[in-house]
């Protein structure tokens, strides 16, 4: 590391919508500052997971320290890369709290999108210096002036410092580095000497344990210090080493001082011990107040995960345990289902988080799993005044005891071309949405603000939005309040027995159509037996939809060649009695494909 000068440090982040070129610009910055040699360079260097590269998204925040010579001075540039998706908005807010500036990257052909809007507002709340960057300027469809106008009018940013660049060709990259030095303010000199460091992420390393990523606000942290976490008021730990991201995590001598970004290792073994947004201080000279903005991360969406082969239960348990080491937001609870066997109830930050965990289990651990339909946390107010929070249909109390139920709602911003307005309004109406306002983003695009139940968002809202806008629509959401709703438990009965894996909590208005569609799907995927199988959807024991799987026909008179009809009749009567007995005592075996088909449909 170069000699320490707080006025020569610049901490910045990159804000961008999915696929607007954030990771590619980060690659070019690393190249231009010679942080990484050309022969070691690969695309999306900071996106370490295969899944991040394939989907073109950032899931984990990746910091990196670069040095750059400008006008005879050496500057330390700390890039704190952030996830772009709305599911990870708390991590984004903590990463932004570690910065003084941000690059707002906008695709010069596509313009401002919903997720970049959400993160820009987080940056503006923190009073960061925002530098607009128009990427993909080399595309024939690029409209730099129109996009500048969008940024000015809709976000309210001054675009006089806008940089036109192409991460593909490298055009505009030196200008970005110079703008960071000129426009992003250095960290404020600390007013106190006690250590105060913001935790913005953590990572589990199998060799050294937990690496805690910090931005030092005041004081310094060095090897041998005894530190504690202020918000969680846990036990104290000895710092075993400190390091910087160059771009790989590299241990170093000396200390991390005010304004700098790096990591430390202590004898921490679980990511749960380290909370994002917490404040680190020393035991000997503790800071008086923790940094503002800390809150516990709580899961929003829940789903059950079961192994298709029950002998894989221990492997699944191990897989979830390993994923949890690097993901403190993932919650795991063991549960059992009458039809699916033993599995886990898991909590996620949102639908993307859930998809990523499922995909990583399948890929990294080579497991075949079934996931139940995603659910949210409902509030149940009982007649005796008690309040319950449930995320699982099996926890639904006796309807006679319920005073009313409430469901979580969200504020949604949708950006769409004008021609799809009526399609989106129909979609939101179908999802029980309430339109708050409509604004013009430019002469071709609109921003629609809606309130929607979270349960309607977590099912298939994104797919349907992409479908009705031919892929041009984008949205982001933030959690709102709970509102009263007619939420009921829908049960599916197969041969008069309820199958818990198909039960779900739905709004009364949607119960009949949902029940009917599940019954129709099951008729197609459950193989016929030797007796009729009724498939029914029920609410509070009342049947609202029914389908029947017809019995397999077995010709019991095949061995009778001619002869008396009474012989045949006797055989038919015997078969009828046998079928009746089978219907009473026979078990219907439901193939795994049936569970997968229904849960995919949901």
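Keep in mind that glycine also has a Cβ here, set from the backbone N, Cα and C atoms.
Fair warning: this is a prediction, and the values are worked out from it, not measured in the lab.
What Swiss-Prot says about this one:
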type	residues	note
BINDING	19, 20, 21, 22, 23, 24, 135, 136, 137, 138	GTP binding site
DOMAIN	7-188	domain 'tr-type G'
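Around the Cβ of residue 21 (GTP binding site), the number of neighbouring Cβ atoms within 10 Å comes to 24.
Residue 135 (GTP binding site) counts 27 other C-beta atoms within 10 Å of its own C-beta, drawing on all protein chains shown.
Note on the domain 'tr-type G' (7-188): mean pLDDT across this stretch is 80. Sequence-distant neighbours of residue 137 (GTP binding site) (same chain, six or more apart, CB under 8 Å from its CB) are 108, 144, 164, 165, 166, 171, 172, listed in sequence order.
Residue 137 (GTP binding site) falls outside any helix or strand according to DSSP and counts as coil.
The secondary structure of residue 21 (GTP binding site), as reduced to three states from DSSP, is coil rather than helix or strand.
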